[in-house]
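The repeat 'ANK' feature in TrEMBL is assigned to 25-57, 123-155, 156-188, 189-221, 222-254, 254-286, 296-324, 326-355.
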């Protein structure tokens, strides 16, 4: 078809054949004219009775799944209600430059011939939504003047305004707002246009919606606010824009702070913005949200530590984060990962080295379980107040120990080993009934002194350097005492 409207008119008049017949690919003459943007041919065909609203055309299009390669967005949609899916419409847009060939004149012709403006495809997409996606203000205005409803939603509950915010189409969004579209309408999952714009990083959309008093405190069904999703996505500019319109009380009700989401995704820039804005660095997850994690974590600091994010850990600690709020302490997490830098930061900011795990109590500090294979780390913990004596404590005390359960094969392998003379630390004398008994020698007495004085106070006492080195177990210089 070459667009010769006069020839077409003659053929239609002289031909007795069915003017609704189609090609082998299911394309009617009208669809071919539209796909090639031949306005005059479209007018001729419409004047001679070819209507896209006919049930015959609809059924044929649905059965053949015609895929036009070149057609402007709204015209594509005017055919799409006959059975095209949204995915097919997207292909029609992108393949062959569909979005670049918007034709308001052709839309006007179709509207003048009675094509319904509120028809929709099998997924509920209306012509207005297609025009919004293309950010074509002129066509949107034409459709709304012809009666297109801006509050109609597709099968997913998405309105044209939501589509504009999601796609970042500022011009059409402004037009929809001007025509009274509800900026606080929510999708089935509770998301608002503001939430969706924050999720997709559309700063200009956020600015427009905030200026139009969009409610930033409407949570989705997941309980999250636009500020939460902006923090999670790491857009510090949008976070700053939303801070002034977001209620901290509503944030608290969510059971999770934007700080948690920023720390979880290593969004250090956002973390800094939120801390400067006064968000509580000691905020904890609600019980329900904490249960979503196997380790039942609760603090922002825990997220930073488990991500091995040293900068975030330092930032939070300097802002006043308490390292002792979680059931499973961040110090234990850092020890398990062998991160001495984070351990040092935590200890310097008051982490309890001697804390235990309530669900798995031990007679010694639980952090030792995770630091045994890191000798320098283990010594650092001991040097900074870790209880060493508790490592020698036994739940049975001086009472007889229960016999060790062994099988017969193991008993045959047992051998008695003599105790070398001059063994330092533990003396084994007396009758078997009195064993085991621990007697502290000269070197073990340092543990009692450290326990009574405290390692931190020890550094401040006016004691000789040699004595201090002896007490902190510096073997190389201990003899100077």
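Using N, Cα and C of the backbone, Cβ positions are placed for all residues, glycine too.
Within its own chain, the repeat 'ANK' (156-188) is flanked in space by residues 123-124, 126, 128-129, 131-133, 135-137, 140-141, 144, 150, 194, 196-197, 200, 202, 204-205, 208-209, 212-215, 218, 220, which lie at least six positions past its ends and keep a Cβ under 8 Å from the stretch. Confidence over the repeat 'ANK' (123-155), given as mean pLDDT on the 0 to 100 scale, stands at 85.
Beyond the repeat 'ANK' (189-221), the same-chain residues lying 6 or more positions past its ends with a Cβ under 8 Å from any Cβ of the stretch are 161-162, 164-166, 168, 170, 173-174, 177, 183, 227, 229-230, 233, 235, 237-238, 241-242, 245-247, 250, 253-254. Only residues 6 or more beyond the boundaries of the repeat 'ANK' (326-355), in the same chain, are considered here, and those with a CB under 8 A from a CB of the stretch are 295-299, 301-302, 305-306, 308, 310, 313-314, 317, 365-367, 369-371, 373-374, 376-377, 380-381, 384-387, 390.
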